[in-house]
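Going by TrEMBL, these are the annotated features:
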- B:ASP39, B:ASP68: Mg(2+) 2 binding site (BINDING)
- B:TYR98, B:GLY115, B:ASP116, B:ARG142, B:SER210: ATP binding site (BINDING)
- B:ASP211: Mg(2+) 5 binding site (BINDING)
- B:20-134: domain 'PurM-like N-terminal' (DOMAIN)
- B:146-298: domain 'PurM-like C-terminal' (DOMAIN)
There are 2 protein chains.
Amino acid sequence: MRSLLKGRSAWSDRIEVDIGDDAAVVVPAPERSLVMTCDTMVETVHFLRQTMSCRDIGWKLLTSNLSDIAAMGGTPTFALLSIAVPFSWQTEEIQEIYRGLYQCADENRVTLVGGDTVSTPGPLTLSLTLLGEVSPGNALRRSSAKPGDVVFVTGTVGDSAAGLYLLLHHPQLKEDFPTLVKAHTRPAAQVSIGKWLAESGFNPACDDISDGIAGEAWEIAEASGVKLVIEQEKLPLTAACKEVAKMAEMDPYEWAWFGGEDYQLIGTIRPDGWQQLRQAALEENILITAIGRVEAGEPCVEKETAGKRMSLQQKGYNHFADR
Amino acid sequence: MRSLLKGRSAWSDRIEVDIGDDAAVVVPAPERSLVMTCDTMVETVHFLRQTMSCRDIGWKLLTSNLSDIAAMGGTPTFALLSIAVPFSWQTEEIQEIYRGLYQCADENRVTLVGGDTVSTPGPLTLSLTLLGEVSPGNALRRSSAKPGDVVFVTGTVGDSAAGLYLLLHHPQLKEDFPTLVKAHTRPAAQVSIGKWLAESGFNPACDDISDGIAGEAWEIAEASGVKLVIEQEKLPLTAACKEVAKMAEMDPYEWAWFGGEDYQLIGTIRPDGWQQLRQAALEENILITAIGRVEAGEPCVEKETAGKRMSLQQKGYNHFADR
């Protein structure tokens, strides 16, 4: 265990008892609420050795949790990592996972303060709990969407699924599409936009895109009791994503709707808020795109394409497993 | 997932965003530090279907984390559960695990506020993160033992290992030894004694007995830079534990030293603190026993038996696995 702490940085001066005792103790920031989330990754279900290096695994595990904190508008702070290690994995490989985790933690000023390491006869299983902070009452909820809101998305979508397609089916081409591969193996969470939204005063709805835009839009629609109408042609797809889709004879929009793991934010905000948000994103050099609108009605998501509307199915697909 | 929340109670009025959004949000108690720990249980490594019912699994997972919070002197508050479920487990069985968890949570006023549910081709793997609170500066550390301190232990030790022995080798006898079986399947953490120790002003050292007294005493000795001398005859063993050991032709003290999972507390406190602690435990009807003393010297643990001292090995054994 101790060897796994090499390379770890402590980013907080509020740690009272650090990793190594029965539990860690920290002093919460005054006048801040505590945000907490937990995400698990299982080898063969969430990643394959052929698609992800050890460092990628550690990096992406933290990103998936950062993305949940971002979707609440929080600032990430402390992490605990539980890892169940199969006999077939070498200590050096596990150290590499921690190195990837520490790289991502350092970029986001997150400190690993605890966890558990056990053995397993099954696949490598990693579970990370991430804490964060947000001003009381400011956390972004899925339930805040209101008719008249603009639906927006950060960054581009579909790249992660395109990258995974390449890694699974055309690994020899991965150097031709480095941004797609990176979108899948080294995604970044949209923490700064999330913080802006939380402090904006507009009470936007927000969700992170871990399972594809379709599923996340449905979650907002159901939690808010509204209809989301999304114009497919406005979805921000990269040229690289479209190129790989063409090569694969697949529809790149399917990747955007259902591919997932983009770790962008989708949200809704009233029109004057949208103007301010677009300006703030421009100043921080972050791409943000209006993709639709919120209407009153039975909770659902409609896709608008070439002027026609159709209801959009809720579920994405699972790349590796049947369950 | 929603069906798994049936039977859950919310014990806090400080929950800002409850389970069901991207992350939970709570308001920390003012003037309190935050304690956090994480424990993982893997089927076949930490339990077997033949020894633990589904409810037992949920109960014990929370207890193992409560015990870590108790060893810091904290008051438990919020939990997040990550569970990787094999295809062979039925939904009803998973619901039973949650019911056992909720029973233990209700007894300790803990609220489940989040988690993750994924599938796995491997064994059932459960990882729980538990938060708690403690007054700033009062958390109990392993490093606080000083020469002259009394070494104490709460409750009795060895019962969990004796119970496991029965369940593995003589399941037909389990109704004859209900306290031993319960010690293994439904252990209770010593939260109230932990809190007393933290608020006592004596700055005691403390550790919980998850891996046997030997290993925990070694952790205190090494963290504090002292020698712990423990008198074997003073270890609090039950008559039932001794009876099963006799039947099994095993040494009950081996179970106490190395068996683990007793979830009692071992600690050290200066002699006047010990008098007060004994009185406080008496008033709460909690058994507490002085089992040795702290001496200056190279960090180690010595076992004293029949007036003779010998150094005690550090490691316990693993009941199910080789690693």
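For all residues, glycine too, the Cβ spot is worked out from N, Cα and C.
Taking the Cβ of B:GLY115 (ATP binding site) as reference, residues of its chain lying under 8 Å away and at least six apart in sequence are, in sequence order, B:ILE19, B:LEU80, B:LEU81, B:SER82, B:ILE83.
Counted within 10 Å of its Cβ, the other Cβ atoms near B:ASP68 (Mg(2+) 2 binding site) come to 29, all protein chains included. Across the annotated binding residues for ATP (B:TYR98, B:GLY115, B:ASP116, B:ARG142, B:SER210), the two most widely spaced Cα atoms sit 32 Å apart. Reported as a whole number, the C-alpha separation between B:ARG142 (ATP binding site) and B:ASP68 (Mg(2+) 2 binding site) equals 12 Å. Within the same chain, residues at least 6 positions away in sequence whose Cβ sits under 8 Å from that of B:ASP116 (ATP binding site) are B:SER82, B:ILE83. In the three-state DSSP reading, B:SER210 (ATP binding site) counts as coil. Residue counts of the domain 'PurM-like N-terminal' (B:20-134) by helix, strand and coil are 35 helix, 48 strand, 32 coil (DSSP-based). Filtering the binding-site residues B:ASP39, B:ASP68, B:ASP211 for a Cβ under 8 angstroms from any Cβ of chain A leaves B:ASP39, B:ASP68, in order along the sequence. Around the Cβ of B:ASP211 (Mg(2+) 5 binding site), the number of neighbouring Cβ atoms within 10 Å comes to 21. Cβ neighbour count for B:ASP39 (Mg(2+) 2 binding site) (all protein chains, 10 Å cutoff from its Cβ): 24. In the three-state DSSP assignment, the secondary structure recorded for B:ARG142 (ATP binding site) is helix. Checked against B:TYR98 (ATP binding site) by C-alpha proximity, the binding-site residues B:ASP39, B:ASP68, B:ASP211 yield B:ASP39 as the nearest.
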